[in-house]
Amino acid sequence: MNKKRILSGITATGKLTLANYIGAIRNIVKFQDEYESYVFIADLHALTLPIDPNKLKENKKNIYALFIACGIDLNKTTLFFQSDVIEHGLMNWLITVNTTIGELSRMTQFKDKSQKIRTSNGMETIPTGLLMYPTLMVGDILLYDADLVPVGADQKQHVELTRNIAQRLNNKFKTDFKIPKPYIPEVGSRIMSLSDPTKKMSKSDINEKASIYLLDNPEVAYKKIMKAVTDSEGKIYLSDTKPGIKNLLSIYSSLENISLQETEERFKTKNYGELKNEVGLSVKKFLTKIQKKYDEVINKVDLYASCGAKKAQILANKNLMKLMKALGLKNESE
């Protein structure tokens, strides 16, 4: 029986955090045993908003190595840089001409991000890439004819757009693209900012003390945990009214692979200092382990990525040619 194909991507816009690992990478590692897994570092998507070229170059290489360090097996998963597979650019245009401005401008993420840009600079200087971002994502998904696409709530609408466009192409041009389904992982631990536990931990947070980065010095990460914002009650239990404590329990639960309830039970008689120390030690142990593997593979990224791109390109080219023939750009015999 053929495995279903799953396509996962992560944008190369910042340094990976512990939240990226717990919320996404950990699941991607699990997928490779159950699905035919394609994973890409979305460096073309990273250009949607201005980014320093040297920073982009550094980010993408680090992310590739960290994926392997966190458990991606290159014998099970095709891991590649989006820009190494040139079919993404052409597919993007073929999708663009089969999409309407109305569809794109209705995207919630476009409205939210463009509003923030307008608010911050007071001018209508919204990058075209922000509007066109979904067509690139639709192209990504159809290039690999994915059955499933893991996404967070903010990207689900883009998968729905992909479904609509796939059906449109199939109906109008008699193609046979799969209608992909968004894969919404079971609700797990949502890792929050260490300085404001009511907000998500983010790789783009300007306050570096708010996030644990996967390439943080383990001792520095330990100190960040020890300084994490909690509350003044002094009691350890799970409650939405205690976001700082819940966040620390979530981190420990995820890294030690035990339930939140078991974690709560383990710490309910401890004080905040003891909790922070145990969480800090767990984070330290995890970072030390993955950074050892990272150091082993970082200088091999170019070789590994080249091999991944060649494998990805075989499937991407096949699906690009299918659409080009359907649109009259190629002869059936080509």
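Residue positions begin at 1 at the first shown residue.
Note that Cβ sites are derived from N, Cα and C of the backbone, with glycine treated the same way.
Note that TrEMBL annotation is computational and uncurated.
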For the ATP site that TrEMBL assigns to THR11, ALA12, THR13, GLY152, ALA153, ASP154, LYS200, MET201, SER202, LYS203, SER204, which of ILE165, ILE191 is also named? ILE191
With an 8 Å cut-off on Cβ-Cβ distance and a minimum sequence separation of at least 6, pull the same-chain contacts of LYS203 (ATP binding site), or say none. THR13, GLY14, LYS15, LEU16, THR17, ALA19, ASN20, SER211, TYR213
Length of the line joining the Cα atoms of THR11 (ATP binding site) and ASP140 (L-tryptophan binding site), in Å: 13
Starting from each candidate's C-beta and looking 10 angstroms out, tell me which of the binding-site residues ILE191, MET201 has the most other C-beta atoms. MET201
What count of other C-beta atoms do you get within 10 angstroms of the C-beta of THR11 (ATP binding site), across all chains shown? 20
